Each structure stands twice: as C-alpha cells, then as structure tokens.
Amino acid sequence: LAQIAHFAIQRTSRQTRQAMAQTQISKFFKTMPKDGEKSSSSKQDADQTSTPDQERKDEKVESRSNWLQNQQESRKSMDKRPLSADKDEDKDCSGEMKNSEPKRPCLSTETPPRPQQNLNAFLASPSSFGKENQSQFLSAQPAAVQSLMVDFGISWMQALKPELTKTYFVQLAEFVRAERSSKTIYPPPGEVFSWTRACRLQEVKVVILGQDPYHGPNQAHGLCFSVRRPTVPPPSLLNIYKEVSNNFPDKFQHPGHGDLTGWAEQGVLLLNAVLTVRRGEANSHQGRGWETFTDAVVATLNSRSAGLVFILWGNYAQKKGAKIDKRKHKVICGAHPSPLAVNRGGFFGKMYFKEANDYLKSVGKSTIDWCHLP
C-alpha cells in the first residue's frame with residue numbers, strides 16, 4: 001500500500017498528492033493488523049508478547065509513516081509561498097532569467113551623459129552650461145577668439161555660442177588681435193564684454209543701445225555711455241543725468257562719477273553696437289563684424305524674452321532696433337544725448353525713465369532705481 005501511495009504521489013498534481021497521501025496513511029494504519037492481534041480484547045496480550053521480527057516490522061512501518069508525514073508537511077509549506085516567488089527569484093533586476101553567473105547589482109537604466117566628442121556635438125548639447133562647459137567651449141576656439149572673449153559671461157555665452165563660431169566672428173577676433181598688436185584699443189581686453197557679467201541674460205529688464213565706445217583714455221569699460229572712475233562724465237552722460245533729474249526731481253543727485261554699473265546690476269543692459277575702438281579715432285572699428293554680433297544679441301533678447309523696455313536714442317539705435325517686436329516689448333525712442341543732437345531738440349522732456357518704470361510695473365516686474373548709482 002505504501003508503494004502504491006508513493007507511486008500515486010509521483011503521478012498526480014500537488015493538491016491531489018496531498019489528499020491521496022493522507023487517505024493512504026489513514027487506511028494503512030486502520031486496516032493493517034499486527035501479528036498475534038485477532039480481536040480488541042487480546043490486543044494488550046499480543047503487544048506484551050511481540051517478537052523481535054514484529055518490532056522490526058513496526059519500526060519500518062513507523063519510519064515510512066514519518067517519512068510520508070514529513071513529505072506532506074514540506075509540500076504544505078511550499079504551497080503557502082506566493083505563486084510569483086519562484087519566478088521572482090529566478091529573475092534579475094531587469095526581468096531576465098538568471099544564468100550561472102554570480103548575481104550582479106541592479107544598475108540604473110539611464111544612459112550616462114557622454115563626453116562631448118567635438119565642437120558640433122557641444123553646440124547641440126542641452127541648455128545646462130557652467131564654467132566647465134565654458135572652458136571646454138573656449139578651448140575649442142581659434143586663438144584669436146580665445147583672446148577676444150576674456151571674461152565673457154556664462155549666461156550670454158550659453159545663448160550666443162552658435163554665433164561665436166561663425167566665420168565673421170572669427171575674422172572679427174583676428175582683426176581685433178591684429179589691432180591690439182600695434183595700436184591702443186579700447187576698452188581693455190577684460191572689459192570688452194563686461195556687459196555680459198554686470199547684467200545676466202535672464203535678469204535683463206531694460207536695454208539702452210549706444211553706438212561705439214568712448215575713444216579717450218580711462219573711459220570705455222564695456223557699458224555704453226558709462227566711463228570708468230574717476231573719469232569726469234562726458235557731455236552725453238551729463239545730458240542723460242539731467243534727464244534723469246527731470247524724471248525724478250526730488251530724488252536724483254549727481255553721483256559724482258560716470259560709472260553706470262549700478263544700473264547694469266539692476267537689469268539695465270548698456271550695449272554698444274560696436275564694442276571696440278582705436279584710441280582717438282571714433283568709429284574706427286565699424287563695419288568689421290561687431291554690428292552683426294550685436295544684432296544677434298538684440299535678436300536673442302527679442303525672441304527669448306517678453307516685457308522688455310528698449311530705449312533707442314538717435315537714428316543709429318532706432319535702425320538697429322527696427323525689428324524689435326513691439327507687441328511683446330516697449331520701445332521708447334528719442335534723440336541722441338550728444339550735445340549736437342540736444343541742441344537740435346528732441347532729447348529732453350521725453351520722460352524715458354519714468355515711462356520705462358511704468359511699463360515694468362504693468363507687466364509685473366520690479367522697477368529700476370535710476371537714482372541709485374553708488
């Protein structure tokens with residue numbers, strides 16, 4: 001009977017094996033008489049007079065019974081496991097079946113960023129841009145471009161990097177380097193792009209366009225109409241101060257210098273159309289490529305931002321800003337603040353600075369403190 005039960009266990013399903021094993025065990029112990037036992041009344045006598053053969057037979061039966069019970073308990077414990085347990089243990093973190101190799105730790109499925117292979121790949125990179133990216137970008141440029149782009153602001157380089165690799169810009173850089181080798185050029189190399197550091201791209205609120213830098217000693221430092229300290233403010237800047245005073249008569253006081261960095265740090269971009277000049281030669285670097293570059297700066301502001309104020313003094317600045325989208329931005333025009341233009345009229349009395357602040361308020365931006373020039 002035990003052999004039949006064992007055979008049946010091997011041929012049936014897990015649930016059927018359990019039921020059949022229990023049935024066979026119960027039947028085995030109920031129906032199998034012990035040697036010398038003929039009735040329930042003589043059971044005690046037979047037990048007391050059992051032979052060694054009977055004891056060995058009983059031990060075998062008990063041993064087989066214990067084995068069957070252990071097998072049954074083992075199967076019950078296996079049935080209590082979740083159905084997916086075996087499958088989960090047989091798979092690795094990616095869902096693939098395990099092989100004979102040692103188990104490896106699960107790794108992220110994200111593809112790690114690849115190092116930039118060349119300049120074209122770098123220019124197509126995501127918008128994240130830091131000092132390491134800046135250094136990598138500059139190192140890929142010709143020597144003339146590297147010498148020109150000293151202390152170029154990161155936020156502006158991120159936006160203008162395609163422009164900085166164009167042929168005209170490389171030629172412009174070579175021209176400026178050749179000029180510096182034999183002539184005095186303003187502003188100094190580290191201040192040509194000071195506007196990119198004083199006023200980050202994302203912080204621009206007002207744009208004032210100039211023409212080209214001052215061409216006297218210790219004047220130009222990268223911000224249009226502004227001069228380095230302690231240089232006396234030139235006539236154009238003095239006229240600008242007068243108009244600020246007309247806009248804020250109870251607040252403005254002459255700062256005693258001509259440095260407009262205080263405006264730039266509040267979000268006023270002071271941008272010349274041409275960024276370098278020979279000493280004592282006004283407009284000497286016009287037509288060399290700067291106009292194309294600063295057109296790209298204005299186009300970047302026009303397309304990437306909204307709610308800016310553009311103050312355009314003179315015909316030159318107004319032509320440069322002709323493509324500004326007036327549906328997105330405020331454009332305020334007037335005559336140039338130079339003494340010659342002022343004498344013709346059209347500069348004073350326009351309330352440029354108050355009008356700029358009124359517009360900034362209307363679009364939910366903070367205003368400029370035009371009287372703050374520490």
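Cβ atoms here come from the backbone N, Cα and C positions, even for glycine.
Listed features, source TrEMBL:
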- 10-26: compositional bias 'Polar residues' (COMPBIAS)
- 10-117: region 'Disordered' (REGION)
- 32-46: compositional bias 'Basic and acidic residues' (COMPBIAS)
- 53-63: compositional bias 'Basic and acidic residues' (COMPBIAS)
- 73-104: compositional bias 'Basic and acidic residues' (COMPBIAS)
- 108-117: compositional bias 'Polar residues' (COMPBIAS)
- 197-360: domain 'Uracil-DNA glycosylase-like' (DOMAIN)
- Asp212: active site, proton acceptor (ACT_SITE)
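In sequence order, Asn272, Ala273, Val274, Leu275, Val277, Ala282, Asn283, His285, Gln286 constitute the residues six or more apart from the residue listed as 'active site, proton acceptor' in its chain with CB-CB distances below 8 Å. Regional average pLDDT for the domain 'Uracil-DNA glycosylase-like' (197-360) in the model is 96.
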